[in-house]
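Asker: The structure follows.
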Amino acid sequence: MKISNTPNTSSTITGFILLGFPCPREGQILLFVLFSALYLLTLMGNGSIICAVSWDQRLHTPMYILLANFSFLEIWYVTSTVPNMLANFLSDNKFISFSGCFLQFYFFFSLGSTECFFLAIMAFDRYLAICWPLHYPTLMTGRLCANLVISCWVLGFLWFLIPIIIISQMSFCGSRIIDHFLCDPGPLLALTCTRVPVIELTSSTLSSLLLFIPFLFTMVSYALVLQAVLKFPSSAGRRKAFSTCGSHLTVVSLFYGSVMVMYVSPTSEHDAGMQKIVTLFYSVVTPLINPVIYSLRNKDMKHAMKKLLGT
């Protein structure tokens, strides 16, 4: 990649260099094997949930339909970063084209935004099921469930569209080396020829709204659920309700706990190593362990998984 000493417009940029995880060749191969295994396990785990929900008639309910959609989302979320990361482990120049970088930027953040909305409507579904059990079939209809799913996907893919388009039109100067394993807004904005506070503020505001609004909605839903569960007359009913909600709350905690560290203020100065570790956690580790969390804590899902595997 040729680097000019004078500022270039985005139209003349050939690409960026993603440093990833600098280490000797042997280490790169080891990381390639490790992340290939994690990626395959993620695909298998989330794919199993989709198949189990599709094939078991008892799981054709809003709760499991949302879970299957969430697993489908997780497959694409991890696919937006890991294949390119694997290619970089075996590459000598770590090059990513300009269009490839911004496509990854767009899909990674759009899928992450969609995940925030999905976590919120899954909490809303649990609120309706536990707080309004007699009215739940008439409230959470198949049509409403479908509309909620579609809304999550549409909102997720529109949320960051305009800022990403604007950033892609900016001028980039210097080495164009991104000390990360993906095209992240912080390192990208750091490479622009001139600082544009409006874009940085807009990006930070959208990130904050995206995280806090669904998160607060989720927490309010579960606060109402907790209030209702504590009024249950039987301990068995309380245990079942807590077990049903526990899986989702665990996933919410893992996802938001790591994401909020990074993207409430996307242009703030973070240590590059810490950026990579935290990003790895919510973009690779969380999609890997989500199927385990949902399967181990749910009897219906465990039964469907055993039926799927023929055991």
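Cβ from N, Cα, C; glycine included.
Since the structure is predicted, the reported quantities are computational estimates derived from the model, not experimental observations.
In case it helps, TrEMBL gives these features for our protein:
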type     : residues : note
TRANSMEM : 29-52    : transmembrane segment
DOMAIN   : 45-294   : domain 'G-protein coupled receptors family 1 profile'
TRANSMEM : 64-83    : transmembrane segment
TRANSMEM : 103-124  : transmembrane segment
TRANSMEM : 144-166  : transmembrane segment
TRANSMEM : 209-230  : transmembrane segment
TRANSMEM : 242-265  : transmembrane segment
TRANSMEM : 277-296  : transmembrane segment
Asker: Using a Cβ distance cut-off of under 8 Å, indicate which of 29-52, 64-83, 144-166, 277-296 has the most pairs with the transmembrane segment (103-124).
Answerer: 144-166
Asker: Give residue numbers and ranges for long-range contacts of the transmembrane segment (144-166): same chain, 6 or more residues beyond its ends, CB-CB under 8 A.
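Answerer: The answer is 62, 65-66, 69, 102, 105-106, 109-118, 121, 124-125, 199, 202-203, 206, 210.
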